[in-house]
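Q: Dropping a structure here in structure tokens format, bear with me for questions.
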Amino acid sequence: MPSRTRKAAAASPPPATTNGDDAPPPPPPKDDAAAVVDVDALLAPVPGEQREEVKVNNASASDMKHACDDALKRYLSRPDLFKQIHTHTDVRLALGWLSVLVAGATGLYGWRVPFEQGKPAVWAGVIAYVILTVVQTLYAYFVEGDIVFVGKRKTFDKRIVTERITITSKTTPSTPQMPPAYALALAYVRSAAGGKTLLGKGRAQEERHYTEFFDTAGVMDQERFERWVGGVVGRVMDGKAQ
């Protein structure tokens, strides 16, 4: 009998340990360094084979600014980054199309109706066209201003978190000692509960000379530009910029 008891004991599974030696180690907690790595990975430049060459007249600061604005929008509006919000463009287009329709309808009405009979309606159409054109101009100047990119991004961290970034750009004029520069200003807000809970915000301003991104032939170094923009955006998202 004792022999059977020992065999049965040997065949039975060992009791579960309670000291945790055989349990898998818990996953390491997420720290700030891990968050920075995630941001850096998101803001990595676009692979070179996915780009088309950008070449401009490097004697024109306006052409170089437009090229930089377009490159910035392509870079930040990738699916894994921000979804671009086109509110300002939509408002300007709506006002522009509405003024064109008013002008067309007024012209058609004036052509089909005798002059004296159609004068009140034609005058109303002309006044409406002028008002719409003025509103469009004022909106572009005072509301949209220098804004070139507005983006929104949603993530989930125990709750839905919304990130919104607004970027303005302008050209800093050249001086006898310095070439013209591309200047950025960023405003970033991170919130939850539909914007009711503020989780963080940041601002940053930085500029680089156009000569750092365009060679003597006017070809743009897009990777270098994206690394610079990604660095500025990353500091704002990490809360390291004011």
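Just so you know, glycine gets a Cβ as well, placed from its N, Cα and C.
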Q: Among 1-36, 145-180, where does TrEMBL put the label region 'Disordered'?
A: 1-36
Q: At a C-beta cut-off of under 8 Å, are there same-chain residues at least 6 beyond the transmembrane segment (93-111) that contact it? List them, or none.
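A: Distant Cβ neighbours of the transmembrane segment (93-111) are 118, 121-122, 125-126, 128-129, 132-133, 135-136, 139.
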